[in-house]
Amino acid sequence: MNRSKKPPATESTSKSSATMARKRSCKTTLIFFVLLSVIAFVAFVPVFASLPSLSSHSHDLHLHLRRHHRREKIDVRNFEIAEDMFWKDGKPFQIIGGDLHYFRILPGYWEDRLLRAKALGLNTIQTYIPWNLHEPEPGKLVFEGIADLVSFLKLCQKLGLLVMLRAGPYICAEWDLGGFPAWLLALEPDIRLRSSDPAYLRMVERWWGVLLPKVAPLLYGSGGPIIMVQIENEFGSYGDDKAYLSHLVKLARGNLGEDIILYTTDGGSRETLEKGTIRGDDVFSAVDFTTGDDPWPIFKLQKEFNSPGKSPPLSSEFYTGWLTHWGEKIARTDADFSAAALEKILSQNGSVVLYMAHGGTNFGFYNGANTGSDESDYKPDLTSYDYDAPITESGDVDNAKFKAIRRVVKKYSSVSLPSVPSNNKKTGYGPIQLQKTASLFDLLDGIDSARIVEAENPTAMEYLYQMFGFLLYVSEYASKTGGSKLVIPKVHDRAQVFISCSSKANGGQVSYIGTIERWSNQAIGLPNAECVSNTSLFILVENMGRVNYGPYVFDRKGILSSVYVDGRVLNRWKMISIPFHNLNEVPKLNPVIRVASEFPKVLARKELKHKSEDVLEGPSFYTGRFSIDKTSGVTDTYISLRGWGKGIAFVNEFNIGRYWPTSGPQCNLYIPAPILRHGENVLVIFELESANPELVVDSVDQPDFMCASRKASVHQL
């Protein structure tokens, strides 16, 4: 009550004696009632002493009734936030989770990795959903094989694991283009990703209109494992478009209902939380921060961006390790340091999600990249996404970090932890002899001229409707005595330059001239080829992975500028796509060499004898075979590419990813057992530079991250 307010004035009229008697009687009754009230108050004063106000009492009574209501609804599946806690089926719940991405693990190993996560003590799995994996072409939707999201979610439920689903549409994840399909970059006019641009939102609406109904039956309240669904990802580190975020929330609610917890994740600073969160009860704001930071001041800040009582402390990305780019030293973090930082959160009933619990592998062409101070400061990620996580790339758990984290989790887990499984067996199948099957340039004559794209100027890969792999640009110039200078102001990402005489009368031999790299773009000198006619110029551009984070996420590939020879623009280009196949797609036989797109079916049938002259500089295909005895089990292995240059490798037609031992630090590529088979296995390598002189790769039983590196790791926790 507002004590400054005066009581109303009384009437001054005279009353009869009967009226006065009634007043005296009422007054006596009132005095008696007041005395009883005082006695009651004194009797119960210990109770009321703890209650500062009537409103406080009502609040506690409300909470008591809610707890009682939860106990009554014990048989009803429910996951909610109240009293700054998570509640599962009416009981307080501490999330001890970890990121584990289905698209970085072969389906044959999903259960194996999830069981190891349980043995670590996790009760929740967090995973992204990469849009580009599921819609590699507009309208072509893929939810089978490694993209079988529903089967993965059901497997989590079968194993008793809850799920936090990071639905995007942007995910980052060190994944190509942050999970966006590259064909979005081919739409005209240009759309603005991660914004309230109507053209972009229409694409998101169409995608989520397919995705969200698939996962809706798997929400916790509907009997499934999904307890929370994330909106976007770390948007506060990118932009400030509340209309965009609110539109995503509206779409999610329309497909998933009002009961599911929607959440955002942003860095633990006021600036990122101001820009990336949505105030109010509708969306829970989680935080992430560097492992060395004191978590509790950040959790206190987190409370400001959630409604009262709606801010359970949650670090939704607790970094167990870090990513590594080509040319860096492998990132390593101390096990005891990580475990101690984790205990700071768990010991005070905070919730946490390990990023990563198990990293896995960037199979195919899906690795992402980062940039530094500008767009040209380009840093592509390794094929391995080991992340120095407690569960290694191959699933190993017999390591210091797994043991240290498990010891901490065991102290705070509400259930006993499963026993720790043994490491999976790995076998070195020995040396694999390869033979050169074909040079890339030897195959060009077989391409149907009608399938070659011609244009006055170089065209970006996406506008040719090629999303991954390589693009060969071909033109001609008049060479001159003393040579010429080639300049390409903007190439994404790595261009190998070759020349030859246009006329076969001159021999037609293709010569390697040099390489232009996005991160160290330099002019190249073109020698006088002494050709009778013009000199042919071949520029083979490799897409090494699109930028996945930061302001330069709009990352088209190929030659993105004019090409200059001696200061003059070179026109009249032919472009030949060399895409190969990715995780979830088979290439069209467009201007692709038929051999390149059908290997190893064609390549492996060729019976070329190995000769020393087969080993030439430049892009070529090499094929080898190795056998696994039917009396022994098929196990994981690694292939060592030491002594080779740079390229991609395929085992039994599966794209296992890129290798680049001359840059390092990764020397070996992980080959999971589900790719292999008893009997003959086929290895095909597309080597861009120069093969090992012995034409041998070794199948070994260990990873190796000790190849040459150009610089130190950019991040050590």
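Including glycine, each Cβ sits where the backbone N, Cα and C put it.
What TrEMBL says about this protein:
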DOMAIN    86-411  domain 'Glycoside hydrolase 35 catalytic'
ACT_SITE  Glu234  active site, proton donor
ACT_SITE  Glu317  active site, nucleophile
DOMAIN    458-578  domain 'Beta-galactosidase 1-like first all-beta'
DOMAIN    619-681  domain 'Beta-galactosidase galactose-binding'
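In this structure, the CA atom of Glu234 (active site, proton donor) is 11 Å away from the CA atom of Glu317 (active site, nucleophile). Long-range Cβ proximity for Glu317 (active site, nucleophile), meaning a same-chain Cβ under 8 A and a gap of 6 or more residues, is found for Asp99, Thr265, Asp288, Val353, Tyr355. If you take every residue in the domain 'Beta-galactosidase 1-like first all-beta' (458-578) and average the pLDDT, you get 94. Across the domain 'Beta-galactosidase galactose-binding' (619-681), DSSP helix (H, G, I), strand (E, B) and coil residues number 3 helix, 32 strand, 28 coil. Take the CB of Glu234 (active site, proton donor) and look out to 10 A: across all protein chains shown you find 20 other CB atoms.
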